[in-house]
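Student: I have a structure here, written as structure tokens, and I will follow up with some questions on it.
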Amino acid sequence: MSRAAAKFKIPMPVTKADFAFPSLRAFSIVVALDKQHGIGDGESIPWRVPEDMAFFKDQTTLLRNKKPPTDKKRNAVVMGRKTWESVPVKFRPLKGRLNVVLSSKATVEELLAPLPEEKRAAAAQDIVVVNGGLAAAVRLLARPPYCSSIETAYCVGGAQVYADAMLSPCVEKLQEVYLTRIHTTAPACTRFFPFPPENAATAWDLASSQGRRKSAVDGLEFEICKYVPRNHEERQYLELIDRIMKTGIAKEDRTGVGTLSLFGAQMRFSLRDNRLPLLTTKRVFWRGVCEELLWFLRGETNAQLLADKDIHIWDGNGSREFLDSRGLTENTEMDLGPVYGFQWRHFGAEYRGLEANYDGEGVDQIKFIVETIKANPNDRRLLFTAWNPCALHKMALPPCHLLAQFYVNTEKSELSCMLYQRSCDMGLGVPFNIASYALLTILIAKATGLRPGELVHTLGDAHVYRSHIDALKAQLERVPHAFPTLVFKEERQFLEDYELMDMEVIDYVPHPPIKMEMAV
């Protein structure tokens, strides 16, 4: 929470919770089909591949960490009524999962009637009936309590539900397709799911395959594959890294590590419908992103506040040795001087150390932007800067991301942001910066009653450190997944008082972390 007095904070409007949740929940598909895209006859599956059934159970039941569901977190399986009825009674509802059944007429009681009476009460805790199609189901799962209690929503059939999944608005939320190809043609099939569909607006990438195997029962050959929608926005980032490594100019730098660099690039990321551009080809440290951005918004300069939360991204620049190397011998250790947040909230004020109270001092650029957007959304001076030439010598590190301009689309009531970053560490810093300014734009939109629109990231010296080349080559081999969603579980009276615990990133499916050392 900000230590500023209330009159110097930015009050949140009554509309602050209007866009706390997405319109629809992201979801995945699990399906098995034959050579002709057949999935069954509407009542049963015309082949026996127990390995696929075991995969279905594990994929839809286990959490992403491969651990069993808990009282607080489990997955959901969304199905039509006929699919529900095709499940043997003894397995209804599917254990360890929330069963979401689509039916315009049936009630929970009717669906559970075939079960032994003594099991119905417990079973009722694992089933929800939705009067509508797939869109209605994922709309329900996007809201509390399900947005937090459900880790992954799986669409499991039948044919009409699968078909709906491939059409707008659902297809825009489809994150993964787990597809088992049964290498046979089943004449009994009367239901089909052609994937990938022809002439689809969405391109699909093969993310993984377990390889072609032979079933131990009937000897049928099968292959379990995972497809993801092509993430063009993350590919911008990967393609820029590839271009830098192939054509960049070799340069020496202040760290002594050396870089490959090019000058002038731009990337664009949609923030619409709570989308958060958190890169997926390696896990991005969201907790660090969020805590640092809130630290900026509060005008803080004490890196120890982050270190106390086990966030050590500023430890190197706040060390006694580094501060002394910058001539900041009078700064206490972890006092970074008038860096980012200080310039955002107190531009032009005289810096007197990390313990001083700066309420009302300098220009509060963030508050000015919020107030101006409300009064005149067409203003072309909606920008702030962290680059203060008069104070650079007092900073532990001159700002890398130094200028941001906001733009209001008055026709759509959307707020977009363009960031200019002078020095762009593509391996470590840029993924962090993308997520940070996305969150900033989302918060400023909340504070002004607007929807988040787009983040435009303009890069000056875009560089790859030589020590990061091997790690980035490995990252380039990975297939990007869909971006996650940001939801707000709690709201605050003032912008600066939001906390990490008030937000939750859902449906984030990244590749494992890749170790890269920071060049200091």
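Including glycine, each Cβ sits where the backbone N, Cα and C put it.
Remember, it's a predicted structure, so these values are computed and weren't measured experimentally.
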Student: Out of H232, H401, which one does Swiss-Prot list together with R254, Q421, R422, S423, C424, D425, N433, H463, V464, Y465 for dUMP?
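Tutor: For dUMP, Swiss-Prot names R254, Q421, R422, S423, C424, D425, N433, H463, V464, Y465; of H232, H401, the listed one is H401.
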Student: Work out how many Å separate D52 (substrate binding site) and A32 (NADP(+) binding site) at their Cα atoms, rounded off.
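Tutor: D52 (substrate binding site) and A32 (NADP(+) binding site) have their Cα atoms 8 Å apart.
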Student: Quick one: Cα separation, C400 (active site) versus V30 (substrate binding site), in Å?
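Tutor: V30 (substrate binding site) has its Cα 44 Å from the Cα of C400 (active site).
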Student: If you average per-residue pLDDT over the domain 'DHFR' (26-229), what number do you get?
Tutor: 95
Student: How many other Cβ atoms sit within 10 Å of the Cβ of G157 (NADP(+) binding site)?
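Tutor: Excluding its own Cβ, the number within 10 Å is 26.
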Student: Under DSSP, is C400 (active site) part of a helix or a strand, or is it coil?
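Tutor: Reduced to three states, the DSSP call for C400 (active site) is coil.
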